[in-house]
């Protein structure tokens, strides 16, 4: 007699062999909690807010505390394994011990900058120590920067560079002309020959004096006439000039006297006039001229958005890079013999730098490139890991011979920064 095989009917009406499966109650694998709608607010985003050390709203649903979901029971946590048990268990950022939880040491908050960059340090002009800037003490007004900010202590050096063979040929021609002219003048006893030799050498002397006088003006004119390039089509290693709006990097700078925040370049210089028998501002200070007594110039890495293509690039001006700025400063303090009244802010600025305020003719000049300004940068394009950068060239850049202006080749080193002199704070684009 055969054994009957049991069968059962499914919910859809189909008969299948075997006994129906007994459904067992499954244990919860992890505690569940309602996820509120944050609306894009970081303070209501729970763990995301904790990542940036932002105060998290304990009641994101804006309801009474009793309406919030309760924590899972200890038994469900033990079975699920979502919270580790043992001596090291506890909330994130604390370590349990006999005396209670010890808060985890943090190196500082990671705020969101207005430019969208995640950097270390608080928002505004002050920057944390990890980013390279040391915050000045509250009692002093002088900022002290780290290695991430380049200090420009040297003056802009412009020099001519003519090949040595040409220099030797010119020197030999000049010496031979003078010797022959002097000999013929003595032999023939006529000054006409010496005058003729002087007339031949005079244009050479005029060209040299002209280049010495117009060297900087000729270079600035060359930089303005240099055509802009598109960053989108620039190749690696190409020397380009890019004009666009600048934004601060991880280290925004601040001018030392006017306290202008969020700058990519700042310059403050104190000049003194030396008359007959006056005190010299520096070892190279001549009589009846202005000399620089104190100088503070800083520049850091920043971003520039190309006007032509809209592409954004990093300008590597920090960490000791060679930078040559052509930013004309403005006079903010002018102390003359008639006007000897010193403002309290200027006296405080002098005292912070241990500078005397005795009977001297002084003027304080300050220049800066504020975030949102239109700037032209000249440098070499570098592409690395999908990051577009503008770096200083390895060799000095020459302007070439400008025959129409009778100017010899002028050589300049490093990144070149230029800005329109007529630009003021009203022309700054909010970013």
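Glycine is treated like the rest: Cβ placed from N, Cα and C.
Annotations in TrEMBL come from automatic prediction, not curation.
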For the transmembrane segment entry in TrEMBL, name the matching range from 126-145, 146-165, 166-185, 226-245. 166-185
From the ranges 191-214, 263-286, 287-310, grab the one TrEMBL calls transmembrane segment. 191-214
Within the same chain, the residues 6 or more beyond the ends of the transmembrane segment (191-214) and with Cβ under 8 Å of it are 160, 170, 174, 177-178, 180-182, 184-185, 405-408
